[in-house]
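If you check TrEMBL, you get these features:
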DOMAIN    12-178  domain 'Cytochrome b561 bacterial/Ni-hydrogenase'
TRANSMEM  20-38  transmembrane segment
TRANSMEM  50-72  transmembrane segment
TRANSMEM  92-109  transmembrane segment
TRANSMEM  146-169  transmembrane segment
Amino acid sequence: MSTTTASIRIPRYSFTARTYHWITVLLMAGMFLTYWVHELAGRDNPLNAAAMNLHTSFGLLILGLTVLRLLIRPRPPQVTGPFIGELLRKSMHYLLLTATLLLPITGYLRRASRGRASDFFGYQIPSLTGDWPAINEAMKLLHGDIMQYALLALIGLHAAAALGHHYLLKDDTLRRML
């Protein structure tokens, strides 16, 4: 008797893990949307500052949720499969976690290294660096150019893998997070 991919049942993630995942998805979408509004609005438009403040707030909220997730995260359901599949799954997981930590940190440092406070839903988080042009240039490159495209690529690969599992392999991978 052969076992098909569709007959393999994979346990769902916990309610807490699924909640973290989908809140992070919504906040990431909000971060990208507010950044694009900021870019399109132009300097003199009042939407510019409001969009950037929301962008910063969403980023800092993602950072806080990610740290909280790492501290109290429930153990994920055990899944075994081919070595290459496990390697890809774990690599994607760690890359996405790393990005959700580094992007907000580099975003904060980009703003702080210009001597500016960061707005978190109306509360000011002071600059811990003061004016530091060298750090600002590095963070501008890292946060602004490299990491945003890397994150978009990771999100695209992550979504494509989930959809591929669902529609091509016809397994429960996507349903684990729903």
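First residue shown is number 1, and so on along the chain.
Each Cβ is built from the backbone N, Cα and C atoms, and glycine gets one as well.
Mean model confidence of the domain 'Cytochrome b561 bacterial/Ni-hydrogenase' (12-178) amounts to 90 (pLDDT, 0 to 100 scale).
Remote same-chain residues near the transmembrane segment (92-109) are listed as 24, 56, 59-60, 62-63, 66-67, 70, 118, 125, 129, 135, 139, 142-143, 147-148, 150-151, 154-155, 157-158, 161 (criterion: CB distance under 8 Å, separation of at least six residues from the stretch ends).
The list of residues near the transmembrane segment (146-169) in space but at least 6 beyond its ends in sequence, with Cβ under 8 angstroms from a Cβ of it, reads 5-6, 28, 32, 35, 88, 92, 95-96, 99, 102-103, 106, 175, 177.
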